[in-house]
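Per TrEMBL, these features apply:
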{"type": "DOMAIN", "residues": "207-327", "note": "domain 'PROP1-like PPR'"}
{"type": "REPEAT", "residues": "165-199", "note": "repeat 'PPR'"}
{"type": "REPEAT", "residues": "227-261", "note": "repeat 'PPR'"}
{"type": "REPEAT", "residues": "331-365", "note": "repeat 'PPR'"}
{"type": "REPEAT", "residues": "366-401", "note": "repeat 'PPR'"}
Amino acid sequence: MAMAPSPASASSSTTSPLLPSSPSISAFLASHPALTLLHTQCATMAHLRQLHAALVKSGLAKDPIAASRAVAFCAGEGRDAAYAARIVRHHPRPNSFMWNTVIRALSDGPGPDAAVALFLDMLWSPTPPERRTFPSLFAAYARLGRADDGAALHGMVLKLGLAGDAYTRNSMIAMYASCGRADEALALFRQCQEFDVVACNSAIVALSRAGRVDEARAVFADMPARTVATWSAMVSAYSRAARFQDAVDLFSAMQVDGVEPNANVLVSVLGCCASLGALEQGAWVHAYIDKHDVAMNALVVTALVDMYCKCGSIHKARQVFDTTRSQGMAKLSSWNAMMLGLAAHGQCQEAVTLFSELEPYGLRPDKVTFIAMLMAYGHSGMTYEAKALFASMAREYGVTPGIEHYGCLVDALARAGRLREAEDTIRAMPMKPDAAIWGALLSGCRLHGDAEAGARAARGAVECDPQDSGAYVLAANVLACDGEVGRGLGVRGEMREEGVAKVPGCSMIEVNGVVHEFMS
C-alpha cells in the first residue's frame, strides 16, 4: 500500500469532537425518541434502517453521538459492517470512534480489504488515525497475507510515534508472524522492555511458520507464565513440523500443569494422533472432550472423524459422525472426512450413500468431496463411475478439476489395468503432471506387469523429482517382475550414480498408549 501524505497529516491539530460524558449522553439520548428506541428497542438491521431514516429526516444523523450509536449497532457481530461504512463515508465529520469501529468490524469480517479501503478514506479526512486505528489494520493485512503493505503501515506507526504502544506492537508482530516474516517479527519482539505473553505467543507462531521449531520451543521454555494460547501455539508448531510425538508429549505436559486445553489444542492433538495411528491416545482426547463438555464445533467433529478413520476405527468414526450430524454439528468438512475414511477402507457404497445425502442436508460438494468419491470408486474398481463423476464436476457442480482429481482418476484407471487410458489421461491434462500422478501410473504398471508403460511412467516421475527414490525402485521392480532383471539392475545403478538414497521404511505401533516407531 502506498502511504502517501494525506490531508490528515497536514491538519493533525484539528481533532474530532469528543463524545460527552456518560450523564450528558444519557440526557441527550433521552431527549430524542429515535435515539431512545435505537438504544433500547433496536434488535435487527431492519429496525436500524427505519430509525436511521428518522435520524436523517430530522437532521440528527449529522450529530456525532447519534451517528456513533448507529455505527456501533451496525458494526456488531452478525450485523452489516458495510452499512456502517456507508454511514461513516456520508457523515460530514465522522469522529475517530466511528472510523475505528467500522475498520475493526470490516477487518474481522469476510472482507478485510474493505477495512483497508476505509482507512485510505480516513487518511483524507480531517480525523487522523490514532493508536486504536492500527491494530485492526494489521489484522486485516495478516488475513490478506500482505506483509509488504503491513510493513508500509509499520512505517506510518513509527512516524506517528506509536511503535511503543504494546497493543499496536503486538498486532504488528502477529501480522509479520502470520505472513511468515519471522525475522521482522522477532526484531519487534526483542524490543519488548518487559515480559509480554501476547508478544511471546506471536514469536512462537512466527518461528514455527518459518520452520524454526526448536527456537520456538526455546521462547516457550523461557516464558515465566503461559496462557492456553501459548500451549496451543507450541502444539501447533510441532504438528506443522510433523513432530507429532513431540506435540502429544507437550499436550501431556499441559495436563500436568493443570492448563485446560481449548478446541484449537484438541484439534491439533487429534491430528497428531491420526498421523501416528495412536488410537488409544486419540480416544482419550475424545473422552476428555466428553467429560469436560468441550464445545463441539465443526473443526472438533472433523478432527475426531479423521482421527478414528486414520487409526482404523471406521465404526467409531461413523458413530461420531452420525451423532453430530443428527445434532446439526457436522458441516461439509466432517462429511468429507467421513467419505475419505470410507474410501480408504474400501467402503465405496457407504461413501456413495453419504454423497447422495449432501443435498438434502443443504450441502454442496467441494473439491475435497470429489477427491473422496474418486478415491472410493478407484479403490473399488469402479472406473466407469469414476469417469462419469469426474466429467460431472464442472458441468453439474461448477468445480474445476485440479491436479489432485486427475491423480485420483489416473489411479483408478491404473488400478483397474486400463494403463493406456490412464496414460492418455495424463497426456491430456491441462496442467503439468507431478511425480505423484506418474507414480500412480507406475504403481498400476507394477500391479499389472507392463514394463514398457512402467518405464515411461518412471521417466516422467524422475523428471518431476530427480531425488524421488520411489520412482527408481518401482521402475526396477516392474522390470524385474516382467523378467527383465538386467534392466532392473540398470535402473538401480542409475539411482546410485545420481546419488539418490532409498528412503528407509518406517512403521509405528501403539502399545499401552505409547507409540513405538521402527525403521528398516
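Glycine is treated like the rest: Cβ placed from N, Cα and C.
Automatic prediction, not curation, is the source of TrEMBL annotations.
Not measured: the values here are computed from a predicted model.
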Per DSSP, what is the residue tally for the repeat 'PPR' (331-365) in helix, strand and coil?
-> 25 helix, 0 strand, 10 coil
Spatial neighbours of the repeat 'PPR' (366-401) far in sequence, C-beta under 8 Å, 6+ residues away = 332-333, 335-336, 339-340, 342-344, 346-348, 351-352, 355, 358, 408-409, 411-413, 415-416, 418
Please give the average pLDDT for the repeat 'PPR' (331-365) in this predicted model.
-> 94
So, by DSSP, how many helix, strand and coil residues make up the repeat 'PPR' (227-261)?
-> 26 helix, 0 strand, 9 coil
What is the number of residues in the repeat 'PPR' (366-401) that are helix, strand and coil, as DSSP sees it?
-> 28 helix, 0 strand, 8 coil
